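Visitor: Just dropping this structure here.
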Amino acid sequence: MLFPPTRRSLCAAGAASQARRLSARETEAQRPTTGCRPPARLQSAALLMGPRRLAFWLLLLLLPPDFKGALGKTHSRNRRGILELAGAITCSTGRTPFAYLRYGCYCGLGGQGWPRDKVDWCCFKHDCCYSKAEQAGCKPKIASYKWECEDNTAVCDSLEDKCQKIMCKCDRKAAKCLAKAPYYPRYIFWPNFVCGDYHPKCKF
């Protein structure tokens, strides 16, 4: 036979429930905290995105699709080829190569119209130099070569390969040209439609 709960039994049940809640809180408070740490995969990804790696991947993202496709098919050693010009620029000018990545009408991707200033002319002449190298059967955009920075100049006199010599000459000449040319921030991210269609011709 079931009897209705008395006032005393209700109080006892409430006290027991409160005791269990307090015990659970104490157990939770005593539990060692490990903190919220990202998975090991995310930590590894964060380590890979250091300043130099971030600059490298940003440069890859800004390259034309056919350029990136060619990089993917070459040996891993040749993937450094795009950094040779960047290194020569830093060696001669002391600036980051990204300062010239989208400068004027010819520094960076593509090129059209008339160069805006001396810096832009340096980039135009470098494009012409690479075009001449391609006519000679070289692949300056994906090949690599060894060089050293001495007295703010890219030195590669020990090279024996014909194409490597041409590429180094192109990059070194462009870097020296940029070092002498005044830099105007207003030409950064210069829109292509302002460059026009009339353009100079390469002089080989």
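Including glycine, each Cβ sits where the backbone N, Cα and C put it.
Unlike curated records, TrEMBL annotations are generated automatically.
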Visitor: Which one, Cys123, Cys128, Cys129, Cys138, is listed by TrEMBL as the other cysteine in the disulfide with Cys107?
Guide: Cys123
Visitor: Among Cys129, Cys138, Cys202, which cysteine is annotated in TrEMBL as forming a disulphide with Cys170?
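Guide: Out of the candidates Cys129, Cys138, Cys202, the one TrEMBL links to Cys170 is Cys129.
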Visitor: Under TrEMBL's annotation, the disulfide partner of Cys128 is which of Cys11, Cys36, Cys202?
Guide: Cys202
Visitor: Need a hand: TrEMBL gives Tyr106, Gly108, Gly110 for Ca(2+), which of Asp127, Asp151 is also on that list?
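Guide: Answer, per TrEMBL (Ca(2+) site with Tyr106, Gly108, Gly110), from Asp127, Asp151: Asp127.
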Visitor: According to TrEMBL, the disulfide involving Cys168 connects it to which residue among Cys156, Cys163, Cys177?
Guide: Cys156
Visitor: Going by TrEMBL, tell me which one of Cys105, Cys163, Cys177 is disulfide-bonded to Cys138.
Guide: Cys163
Visitor: Since the record lists Cys122, Cys128, Cys129, Cys195, Cys202 as disulfide-bonded residues, which of them has the fewest other Cβ atoms within 10 Å of its Cβ?
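Guide: Result for the disulfide-bonded residues Cys122, Cys128, Cys129, Cys195, Cys202: minimum number of other Cβ atoms within 10 Å at Cys202.
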Visitor: Using a 10 Å radius around its CB, how many other CB atoms surround Cys168 (disulfide bond)?
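Guide: 23, counting other Cβ atoms within 10 Å of Cys168 (disulfide bond).
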Visitor: Could you tell me the C-alpha distance between Cys138 (disulfide bond) and Asp127 (Ca(2+) binding site) in angstrom, no decimals?
Guide: 14
Visitor: Tell me, if you would, which residue among Gly108, Gly110 (binding-site residues) has the fewest other CB atoms within 10 Å in the structure shown?
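Guide: Counting other Cβ atoms within 10 Å of each of the binding-site residues Gly108, Gly110 gives the minimum at Gly110.
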